[in-house]
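Everything below concerns the one structure shown next.
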């Protein structure tokens with residue numbers, strides 16, 4: 001994804017994602033607001049220049065022009081892939097796939113791939129000036145590290161004889177740990193909702209990633225609240241629902257990662273990300289169709 005392959009790669013990336021090539025020539029001198037050519041992903045926007053919609057592989061809903069002359073590789077596919085694999089494994093367990101219902105296999109993934117690698121990808125997004133990508137990937141990297149700590153037997157945060165299983169706690173509320181887990185997941189639901197709102201003017205695939213993840217957090221939070229209230233049947237139903245939405249989110253993350261990896265140098269085909277009709281690219285497509293109809297009618 002670096003620029004070492006020449007301008008064709010970046011151009012093909014524009015076609016793969018629907019981002020139009022820059023028709024204004026070099027950015028220096030055209031864009032106002034302190035554009036720094038050494039920081040091509042900087043979220044700078046001033047004046048009346050329109051913002052182009054995001055494409056999945058860039059993890060940047062505020063992107064307002066194609067990336068050109070990038071000095072760094074694109075860290076978004078790495079972060080998306082780390083998120084996808086860890087979410088896939090946990091969601092398979094939440095669904096009870098093959099009868100597996102013990103989630104501790106997620107611990108090494110949560111620390112090593114979904115946690116550390118995704119956190120590093122978020123830091124690299126910060127280096128290239130992508131505020132959204134840095135916030136999202138770093139935060140979800142932190143989520144997986146926290147989840148790994150919750151499941152680590154040595155910490156025993158939720159286990160027997162842990163802080164939520166003392167005699168004083170169990171005598172007042174034996175299911176207090178379920179409410180605590182509900183609070184934990186509700187906070188991530190709120191955070192994901194904030195990110196979701198930032199994707200409403202981007203692309204369908206980018207939006208659906210955060211939409212399904214948001215529903216995953218909501219279902220899992222509600223499942224713990226149900227268990228705290230003693231409704232075991234609803235707890236299992238909502239856990240499976242959260243696993244289902246998490247599984248869809250994992251494959252959408254892989255889809256968006258592939259959109260950022262694939263170009264003419266390594267793939268025989270490019271995948272679409274489907275721009276919203278109200279996005280900048282959607283408006284351009286409507287105007288182009290209208291112009292084509294007018295030309296055909298006049299002929």
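Including glycine, each Cβ sits where the backbone N, Cα and C put it.
The region 'Disordered' annotation in TrEMBL covers 1-38.
Taken from TrEMBL, the feature transmembrane segment covers 72-93 (among others).
Here TrEMBL flags 105-124 (among others) as transmembrane segment. Proximity of distant same-chain residues to the transmembrane segment (105-124), defined by a Cβ-Cβ separation under 8 Å and at least 6 residues beyond the stretch ends, is recorded for 72, 75-76, 78-79, 82-83, 85-87, 89-90, 93, 133-142, 144-145, 147-148, 151-152.
Taken from TrEMBL, the feature transmembrane segment covers 136-155 (among others). For the transmembrane segment (136-155), the residues of the chain that approach it from at least six positions outside its boundaries are 59, 75-76, 79, 82-83, 86, 90, 103-104, 106-111, 114-123, 125-126, 184, 188, 191, 195, judged by C-beta separation under 8 angstroms.
Annotation source TrEMBL lists transmembrane segment at 175-197 (among others). Within the chain carrying the transmembrane segment (175-197), a Cβ under 8 angstroms from the stretch's Cβ atoms is held by residues 132, 135-136, 139, 143, 146, 158, 162, 164-165, 169, 207, 210-211, 213-214, 217-218, 220-222, 224-225, 227-230, all 6 or more beyond its ends.
Per TrEMBL, the feature transmembrane segment maps to 204-226 (among others).
For 238-258 (among others), the entry in TrEMBL reads transmembrane segment. Under 8 Å from some Cβ of the transmembrane segment (238-258) lie the Cβ atoms of residues 56-57, 59, 76-78, 80-81, 83-85, 87-88, 90-96, 205-206, 208-209, 212-213, 215-220, 222-223, 226, 271, 273, all in the same chain and six or more residues away from its ends.
Beyond the ends of the transmembrane segment (204-226), by six or more residues, the same chain brings 54-56, 61, 87, 91, 94, 178-179, 181-182, 185-186, 188-189, 192-193, 195-196, 234-239, 241-243, 245-246, 248-249, 252-253, 255-256, 259, 273-276 to within a C-beta distance below 8 angstroms of the stretch.
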